[in-house]
Every structure is written in C-alpha cells, then in structure tokens.
C-alpha cells in the first residue's frame, strides 16, 4: 500500500470532516476530488484500488494531490481480485445475458471492500464514488458500502451537482486546470482491469455506428491476427486454472499471460446491447481475451467431469449468479450459498483442455480429465461388451409413456 501525504487543513461543514473518494484518475473522479472539497469544505482522501489498470495508475499520487487530496492511497488488490472474485465466477461459467464476462461488475465489490478499510483507518465520516445516476455502478458501490459500513454517509456527486453530461465535466476540469484522459472528440468512458476493458459513450451510443478500431488496447483485429493458428493447453485443479502448456503461474500471471496470447489472436471482443439494472438498454464494447479462453476451457472440462443432472442444474444457476454479480449483490447470502454448491461441483473438475486460437475463434481440439465420466468403450458405435442395445426398448417405452398416454387420450376425445 502506497500513501502520499500533503499538508492540508480544510474548513469543515455539514458535519462531514473527512471523505474518502473512490479514485481512478478518470474524468469523473478527477473532478470529484475538487468538487467535494469545494462543496463540502472537508478533507478529501483519494483511494485507488489496483485491480490491473496498468499504466492508468502512473502518476496518480501526484495527480490526486494536485486536485485537492490530502492523502492518496494506492492499494494493490490484483491477487485478491483474481482468487476471490474472478476464479469463483469461472467455476460458475457466469455470463450476464450470455455475453458479458462481468469485468466491471466483479471489480466494484473488491474496490468497495478496500475503500471500506481506508474509511475505517482514516475514521472518515463519508465515502464518495463517481458513478453516474444512469449507470449500474452507483448501485454496486452503494450496496457494497451498505454491506461493509452501514453507518457511513455516501456522497454521489452525479446525483447532486449541476454537471449534466461528460462534455460539462470536461469543461469543469478545463476551468480548474485538471488533467483528464478524455476529450469532447473522444468522450469514451472506459474501465480497465485484469479481466477486461469496457468502452461506452460517444459514438458507441448510436447503434448504427461501427466502433473505431483504434479504440482497442488488449486485442488486435481479426484481419491483423496471425494467419497461423495458436495452440495452447489450460490445466485446471478443482475448477481453478493453474497452468498454461504445463507451466504454472500465479493467479495474476496466468490471467496476464492469457490476455497477451489470446489478445494477439483477436480473442474476446464483444459488442453488446445489455439491459442495465436501472432499466434502460445500453451499448458496451468489451475486450476480455483471458476470460473467453478460460470460460471455453473450463466449460469443456466440466462436460466430461460432471454428471448430467448436476451439470444441467449448475447451468441454470450460472444465469442467476451472473445477475447477482451484475446487480451489485455480491455480498448477499444467496451468492455465498451458491458458492458453497458450486465449490462442491468442482471437486472433480481437474484436467487439461487443449485449444486452437485463430482470428477470433476458440476451437477445442483435445481433452484430458483426471475424473472423466466419458467411456470410449461405452460410447463407441463399434461392438462393445457393456451396452446391450435391447435394453433401449424398455427404456424408451417407459420414458415415452406420458407422451403415448397423452396422445391416446386426446385421440379418443
């Protein structure tokens, strides 16, 4: 944890003496540091949680200080982000609306968790976030804050100030000489972490506009991807990825390595119109290369390691689990209960899946499972000594009895 202190004794009012701001250095939180200090007359502490933003964190301490923070915390939470948030979601194969790998949804609760620690340490009266009044993040942050520190005041500037658009926010920053990473010409809102990068706003709000190729940071276009396919094998132990091509990596290293490999082969791009929690539809463009590969490999390993009934029921729960994460309910009893069930299903999900990556496509080419339920002798169309074809007749008669009875009764009417 890095802390940068600046001498500051602001005049307090309204009972709020100190506020911890969830700080990223982006447009919204950059102007919020200044706005909170101006409008609440209190001490402002900036807290940035590192979940894999990379270069976005460079110079953040100095920037926070220049913008009005008395202290700035940068907390490295990358390992916890992977082990406590990403890995459980891989075990479930949770996709929101069958498309979204939940990159932002998973980052918000761990950011809130670390900010809550700083609020307690600083004995702050309030916590502040930069989520807009139209987005999902306001719900995710505030439900997490209420779960972790129910008695702390929450300040949401986008629901208080006169700034109505990103253009207004850019003007506010310009008047106060606050450096921000967007312009009116390219007002994209982006969110980056180990698991993905998301892009929203600007020209993307018109559904007829194709995204600009220059926007992408983690992946190349299919046209620029290698003409030769890339092969790799992902090994899992009890549902958790542990190695690539036999080489073991730490959780953060594994995700980072897969992002590089898959991104170079144009894996993991998605242009989605999704249903926001607050009721509207919105368009988001995402890069999730490691997520796409790990989900594909894990799902394939499960197909040979888990029995039919458990697998089918688990697939139903995956949809609900994705909603829980997306809707900001990570700290709910239901999510904890589902994790207990999911962990039980993963006891025998150990093995390796070989994949071929080619110009945006993920192709499964080989499977090995320590506890495989697949039997070549039983599945073969050639002669075998286990399966008696005559047994099928009795099974079909019993299985089809309700169908037969329904048809007979309807015919007699």
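Any Cβ shown, glycine's included, is placed from N, Cα and C.
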ATP binding, same site as 22, 23, 24, 25, 26, 27, 28, 29, 30 - Swiss-Prot member from 103, 130, 133: 130
Per Swiss-Prot, 100, 105, 136, 140, 189, 198, 286 bind L-citrulline; matching candidate in 113, 205, 208, 274: 274
Three-state secondary structure, residue 198 (L-citrulline binding site) (per DSSP): strand
DSSP three-state assignment for residue 140 (L-citrulline binding site): helix
For residue 105 (L-citrulline binding site), the one of 26, 28, 30, 132 that lies nearest, given that the binding-site residues are compared by Cα: 132
Binding-site residues: 100, 286 - member with fewest neighbouring CB atoms within 10 Å: 100
Additional residues surrounding ATP, by Cβ distance to the 22, 23, 24, 25, 26, 27, 28, 29, 30, 130 centre under 8 Å: 32
CB-centroid shell, 8 A cutoff, L-aspartate site 132, 136, 137, site residues removed: 131, 134, 135, 138, 139, 140, 278
Cα-to-Cα gap, residue 274 (L-citrulline binding site) vs residue 24 (ATP binding site), nearest whole Å: 24
